[in-house]
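Structure record follows, encoded as structure tokens.
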Amino acid sequence: MNIHEYQAKALLKSFSAPVSDGHMALNAREAEAAAKMLPGPLWVVKAQIHAGGRGKGHFKEERAGEAGGVRLARSVTEAREMANQMLGSTLVTKQTGEDGKQVQRVYIEDGADIERELYLSLLVDRATSRVAFVCSTEGGMDIEGVAAETPEKIHTIHVDPAAGYSAYVGRRIAAALDLDGDLLKQCVKLMGALYTAFVEKDMALLEINPLIVTRSGKLHVLDAKIGFDDNALYRHPDVVELRDLTEEDPKEIEASKYDLSYVALDGDIGCMVNGAGLAMSTMDIIKLYGAEPANFLDVGGGATEEKVAAAFKIITSDPKVKGILINIFGGIMKCDTIAEGVIAAVKEVGLSVPLVVRLEGTNVEKGKKIIAESGLDVIPADDLDDAAQKIVKAVKG
Ligand code: ADP
Ligand code: MG
């Protein structure tokens, strides 16, 4: 689960990390009030969407002007006008894809006096099973470019989970970021606060780009992106409250209600599979025969008829889907349960695209019989290979 920049900053502030003062606004009037609460003379109006690269992004609508999703204002009136242009407009950045994202909230923040822009992130490094600090003196711009062209400028510093964070770790980060004197001290303290926040809140990613050094010699968090580990959200009701459903794919929200593992993709063949491994191989084999999957969907081992029906409805609600492949290996889940679920769903929502069903395992004969006798226009398949070829043929002709 991701949150907005302004929420991430409030969270980091509660761990005593230095962030700018600011206020979130939902409309121009609120933006003006927010700007009035700040001293000036520089205000920053920042579009709040769950995607980075806002500064270098552009808006689709002419009314939003030429500039990107992070703008500097010299007066309260100007801040209000910028907020007015951004709100309701569609911001396209490197991370949003071509469709962009509609801006529904803006953050009005104190302008900072920037001397240097640094890069810092914390993540869980799977290779070492440790929390890692990734940092670079080349902050502010796109870090992917730095990683590709000058990888030696990116430093990774791991934290031993048994020892935890120590000043030694902080000093190594400071050295990598060229910070000395009082800035080194600030760095050791800030990194400790960030590490504590990361671990206590079960984050998966905490990215600060840029982390800045101000002209008055202060280390300061200027942008913040946080992603949480979904599996640990049950421990953090305060974090769950920060969820902004308008930023998420409605199909994925619906799927999470039924505890289905669903990820929307760009292809046109909808897949319903049980087991993540089988779902991955189903997607692979669809690609092998020249088509693209519209989604990843694992209904899980112990799916009920209701869950199967919900999954089917989610797949058919996607206008991109031109055909559906159901691939189930009945183990704990019986094939007849799947068959009943599919039939119930088709009766409710109808079937306007070709449907290939491959069943194998427990009660397979019973399951096949239920589908055959249902009168539905289903294309049966014998094995995975056969199923993939049949659905690709049905869609591509
Ligand atoms: P994004 O990464 O989505 O483009 P950032 O918050 O990193 O958004 O802002 C982009 C750039 O805008 C920063 O690198 C910084 O130069 C400038 N900026 C952002 N916030 C402020 C601020 N409060 N004061 C001054 N400049 C800012
Ligand atoms: Mg940034």
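Yeah, the Cβs are placed from backbone N, Cα and C, and that goes for glycine too.
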Per TrEMBL, member of Asn209, Asn231, Asn274 binding substrate alongside Gly331, Ile332, Met333: Asn274
Which listed residue (Ala112, Ile332, Met333) has most other Cβ within 10 Å, given these are binding-site residues: Met333
Listed binding-site residues with Cβ under 6 Å from ligand 2, out of Asn209, Asp223, Asn274: Asn209, Asp223
Filtered binding-site residues, from Glu109, Gly331, Ile332, Met333, whose Cβ is under 6 Å from an atom of ligand 1: Glu109
Of the binding-site residues listed as Asn209, Asp223, Gly331, the one whose CA lies nearest the CA of Ala112 (ATP binding site): Asp223
Inter-residue Cα distance where the pair is Ile332 (substrate binding site) and Asn209 (Mg(2+) binding site), in Å: 47
Rounded inter-Cα distance in Å - Asn274 (substrate binding site), Gly53 (ATP binding site): 37
